[in-house]
Amino acid sequence: MSNEENDEYMGSLGQAQTAEDDVNEGGGGGGGAVGNNESGLGGQTMPQISPNAPLEGNVSPTPTQTHFEDNPHHSGINGGNSNKQGGNINGNGNGHGNVNGTEPNSNRNSPVKSPKRPISSSFRIQNTPYDDDEDLAAGDQVAVAGEAIAGRQVPDYWQQRNGTAASGTGGAASGRQSRAISPSYLDNMSENSEQPPVVPLVRSKSRPEISSAAASRYSNLSYWKARRVVFYRNGDPFFPGVELRYRPGRDVTSLDNLLDKISPKMDLPRGARYVFSMDGDRKYHLDELEDGAFYVVSSFKAFKPASYGKKNGMWYASPGNQGWGSKPASRKPSIMEADLGTLSTTSGSIKRSAGRVIRIINNLDHSVQCRVLLNLRTSQPFEEVLEDLGQVLKINGAKKMYTGTGQEVRSFSQLRNEFADVDTFYLATGTALIAGSPIRRSRSRPSVVAAAPILPTDELPKVPLRGARPRSKSRPRILYAPESEILRPNGEYTMLDIMKEEPTKVTIRGLRRTFYPPVHHAPADNSPPDKKLQLQWVHGYRGIDARRNLWVLPSGELLYYVAAVAVLFDRDEDAQRHYTGHTEDIMCMDVHPSRELVASGQKAGRDRKSQAHVRIWSTESLQTLYVFGMGELDSGVTAVAFSQLNGGSYILAVDSGRESILSVWQWQWGHLLGKVATLQEGLSGAAFHPLDDNLIITHGRGHLAFWHRRKDGFFERTDIVKQPSRSHVTSVQFEPDGDVITADSDGFITIYSVDSDGAYFVRTEFEAHNKGIGCLIMLGEGTLLSGGEKDRKIAAWDSLQNYKKIADTKLPEAAGGVRTIYPQRPGRNDGNIYVGTTRNNILEGSLQRRFTQVVFGHGRQLWGLAAHPDDELYATAGHDKHVALWRKNKLIWTIQTGYECVALAFHPFGTLAAGSTEGHLLVINCENGAVMLTLRVCGSPINCVSYNQVGDMIAMGSQNGSIYLFRVSRDGFSYKKVNKIRGSQPLTHLDWSMDGNFVQTVTIDFDLLFWDAKSLSPERSPIAMKDVKWLTNNCTVGFLVAGQWSNRYYSGTNTIVATCSRSAGHDMLASGDAEGYLRLFRYPCISPRAEFHESKVYSGMLACVRFLCGDHTLITVGGTDASLMVWDIVEE
C-alpha cells in the first residue's frame, strides 16, 4: 500500500467511525476493543495491536488475507503476556505507555513515514507470528488501558488523530480503550525514521513518558505511592503507636532498614528486631507490610497479645490520624483513594472514618458519662471494646450499646455509617434501656439527670435524631474528660480520675519508660518540703588512700576529713562540727602555723561550681576566708602547704594533672607568685623548707626534687647528689638544723644534708620497717616517729644519737596499717599520740600502753544499710567483711564475718539479715551481734533483701535477676526455702506490698519489674500493679517518685538516681544520685518541676539512704569512700 493509499485509508477509517460507533463496552480482560466495520473499510482489513508491541518487521513471502469477525468481543489481538494494570501495554508486558520498536527510546508521539522499507502484511507481536488467514480468539485481544480520573476518560492518541472520542460506557468502568493501527503506519514506527511528525500530538498529562528499559521497574503504582504503617510496642496496650510513611524500594529497601528507622522511637530494650501482625504472625520481608495496616514491634521473638491502641479504656488512632475532618493542606487525593470511596462526593475532603468522638452514658446512672475518642479501625472485636468502655463507666460486663431512640449498635460499621450523626450512646449489660432522650449538656458544666424507670426496648419513645453539633476548630480534641465533666459521687474517686491523669514518661539513659498512675494517691505538691537536712555526725576517717590528714587543734578537737566534709571532733564533749564548703572530695589539707586557719584542696567536678580550688577557712567560726585556684588548677589539688618562716604568708598547691604544676600564692591577696611544671607522675606531696620560704621539696613515685623560687617567679631545680633509689617517697620531715628526712615504700629512712656549696647529699640511710612507711613526724625533743603501713608498727628514733631506735609497738590487725601520726598534746612530751590507720580508724595510745579505738569506720566500700522498723537503730555492712550496729552517733557492736555483705534488712522482731557478694544469707542476733545462721542461697551476689510486713517471708534479689523466697519463723531465726522466681536482669532494689502478695524490683537498667509471691511468677502487666500499696518505696523508679528524674532544677542533665527512701509518714522522699547529691523532696514526687533541698557532701555515688524510725533522722552511706553520715531533719 503506498503513502497515498494510506492517507485514503485513514480518511475512510475516520468516516466509518464517525458514521457508526463500534466501540466495545470493555467486557474482556483487556478492556473494550474497537470493532471493525467491513463496509466502512471498503474491503480493507486491519489487525488491531497494542501500540507498545515490538514490531520486528518480518516480511512474509506470500501475503495473506486477515479475517475479522463481526463479534465486537472477538475483534482484538492479545499481545502475549501483557500487563493490563498500567496505563498502556508494551511488548514486554509491563503496561507503560511507550510504543517500542527494536530501540527502547522510540518516540510514540512523533510517528513519521519512511519509504525505505516495504509494506508487510505479516508481522510478529512478542515474537509470536500471526498470519492473515488465522482466526483471532476472543481472549487474545490486544488493548490499551486508558485512564479514568474522577469518572473522566482521556482520549488516546488514535482518537485525537482520527478526530473521534471513545464512548464512556465500557472504557470508563475498566479504564481501558482499544486502538486501531494501520498496517502501513506500522512501518513508519521504524527506528530509522527521521522525518518530523505530520500531525502534532496531545498527550495526557497524567501519563508519563517512560522508556521500555525502565518500564518493568515502574510496572506498579505502589512504587510511587508511599505506604503508611503504624507500629505498636509489644506488650504495651497504652503505647500510642508510631506512624511511618515510606516508599518501598526507595526510602526503605529492606525490613532491617525499616526497623533501624523506628528503633529510636519505640523505646525497646534491645531495639526493634521483629515485626508481627496484630494477630501474632511474624513478618519476614518488607513486601508483607500493607498500606494502612497496624503491626507490633518487639525486641524478642515472643509476641504478647494485647489490646493495642488503647489508653485507659479509650481508643484512639495513630498520631497521623489526629484531626479528622480537616482538609488536607497540600496533598491531592489519589486514584486509589477515589476508588476506595474515601473521598467525599460533596466537599472533596476526606471522610471521618478512622475515628470519632462520642459520648457514652451509663445505662443505670446517667450521671456517670464521658466523652471518648473511639478508634473505628481497631483490630479488636467490637464486643471487647464495649467491655473496655463499660469499665470507664463502672459497668462490669457491658455487652450492649444503644442510641437514644433504642436502636442497638452492633458494629463499627454502624458507628461509621448508619449512626454517623448520633454522638450520644448508652451502654448496658442487657436489653433494657433508660427512657428519655440523649442528655444535652452545656460546655460550662455537666448536667445530672435522675434515673428514669426502666422500660422494654420496644416501648421506648421514638425520639428523632438530632444532628451532630459542629465542632469549633479552635477547640482541641482531647482524649480524656474535662475537669468540669468529672463527677465524684460522695466525694470518692472515680475511674475518670485515672483518665484525666496521664502516665508519666521518664527518659533514663536514653530510653523512655512509662509509669502508670494509681487511682488513689495524695495530690502532688511541687513546693520544697517544710523540713531540711542538717549534718549531725560523720562516722569514719579517710585513711584508705590519703596521708597526712590528722591534726589536733588548740581546742583539743581532732581535725580530719571524710568525703567533702572537714570534721572537727571534740572527744570531751562528744560532739562534732563540720565544714561543708567544698563541693567535691577533699584531697589534701594543711594547718596554718597559728593553728587557727586551715587550707584544704578539693578535686574537680563536672560543672563550673565544682572546679578544683583551695579554700582557707577558720577553725573557730567555720567561715570561708579565701578561695583561690579557680581556673588555675586542672583536675584536683594533690598537695597544699603553708610556709613556716614568714608566719604562713605563702601557700603552695600542686595540681594533680598530667604536668603536676607547682604554684605558690600569697593567699591574703590572692596573688600568684610563680608556678612551674614539675612533669612528675605520681607526685604525692610537697612542703616548704622551715628555714627558707623560697625552697620547696616535692616527692612522689621515684621523685624527690628541690625547687628554688627566684624573685621573678621562676623556679630552679637543685640536683641531689644521689638520686633516691627507692620507688616511692611517701613522707618528708625536717631536723631542727634543716636537714631533710624522707621515708619510702621500701621501709627505708634517708637523711639529706647540705654541703658548703648548697648541694644536698645522703648523710644517713637505714631500714626502719619491713615494707612501706606511711608517715614520719618529728617531735619537739628530737624524737622521730615512723609508722609502717604493712607491718603495722610504730617506732621511735633518737635523732641526736644517729637515729638509734628507742622503742616500738604494733597495732592490732583489725585496725590496719599506719597512715598518720600526730601527738595528742602538741608541745608536751608525754608520748600520747593519735594514729590514723589504713582501715579508716583513728586510735589513741602510746608506745608504752595499748591503743584504743576513737573513731570506727568501714575499711573498704560501704554499700549495706538498713533501718530498724521500731527503733532508732541502723546497721551497716561493706566489703571489709564487717557488720556494725549503730544508734545515731554511737557504735553498739561490730563483728567480722567471712563474707563481703552488701545488703541488709531488719526483721520486724529485731533479727538482722545480710546478703553477701557470694550468695550467702547471714542471720545475725541484734542483741549481741552473733551470727545465728548462714545459708547458701545462690552463686551470685545478693543485692537487695527485704522482709514482708508480718515477717513470715523474706525476698532476696540477686545479681542473676532472680527473686529467692524463704519462709521465716516468728522469731526470725528459722528459714525454709519456698522457691525462686526466675529473671534475666540484675536486681538492685526491692519492695514488698502491704498485703505481702507482690514484690517490685528495679533492675540495673532501671526497669521496674513486678513479681507475684503467691503464684511464684513475674507479673507482666504494670497496669494491673498500679494500685498496689507498697510497704516501703526503696525502688528508684515509679510513678510516685518520677519527679526525682530529669528534674528541671538539677544542675546536670543526665542525673542517675542511685537510691531513694520514703518516710514512714509518706510525706518526704530522700534521694541520692550518682554524683553525690543528697536531696529531700515532698512525697509523692511526680512532676519534674518538684522543688527540693539539696546537699553535696559526696564525690562519688551515694550508695544508700534510709529514714530512721520517727522520721527525725536520715542515714546515708557513700559507697566507694566508705563514709557514713547522720542527718537531722529539722524545721526550715
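Every residue gets a Cβ built from N, Cα and C, even glycine.
Automatic, uncurated: that is what TrEMBL annotation is.
Residues or ranges marked as region 'Disordered' in TrEMBL: 1-134.
What TrEMBL lists as compositional bias 'Gly residues' is 25-34 (among others).
Marked as compositional bias 'Gly residues' by TrEMBL: 88-98 (among others).
Among the features that TrEMBL reports, compositional bias 'Polar residues' is placed at 102-112 (among others).
For 119-129 (among others), the entry in TrEMBL reads compositional bias 'Polar residues'.
Per TrEMBL, domain 'Doublecortin' is recorded for 227-309 (among others).
What TrEMBL records for 356-431 (among others) is domain 'Doublecortin'.
The annotation repeat 'WD' is assigned in TrEMBL to 855-886. Within the chain carrying the repeat 'WD' (855-886), a Cβ under 8 angstroms from the stretch's Cβ atoms is held by residues 539-541, 544, 558, 562, 569, 816, 838-842, 892-906, 908, 910, 912, 914-915, 917, 922, 924, 926, 929, 1103-1110, 1113, 1115, 1117-1120, 1122-1124, all 6 or more beyond its ends.
Counting residues per DSSP class in helix, strand and coil order gives 0 helix, 17 strand, 15 coil for the repeat 'WD' (855-886). Helix, strand and coil counts under DSSP for the domain 'Doublecortin' (356-431) come to 18 helix, 24 strand, 34 coil. DSSP states for the domain 'Doublecortin' (227-309), grouped as helix (H, G, I), strand (E, B) and coil, give 15 helix, 25 strand, 43 coil.
Per-residue pLDDT, averaged along the domain 'Doublecortin' (227-309), amounts to 88 for this model.
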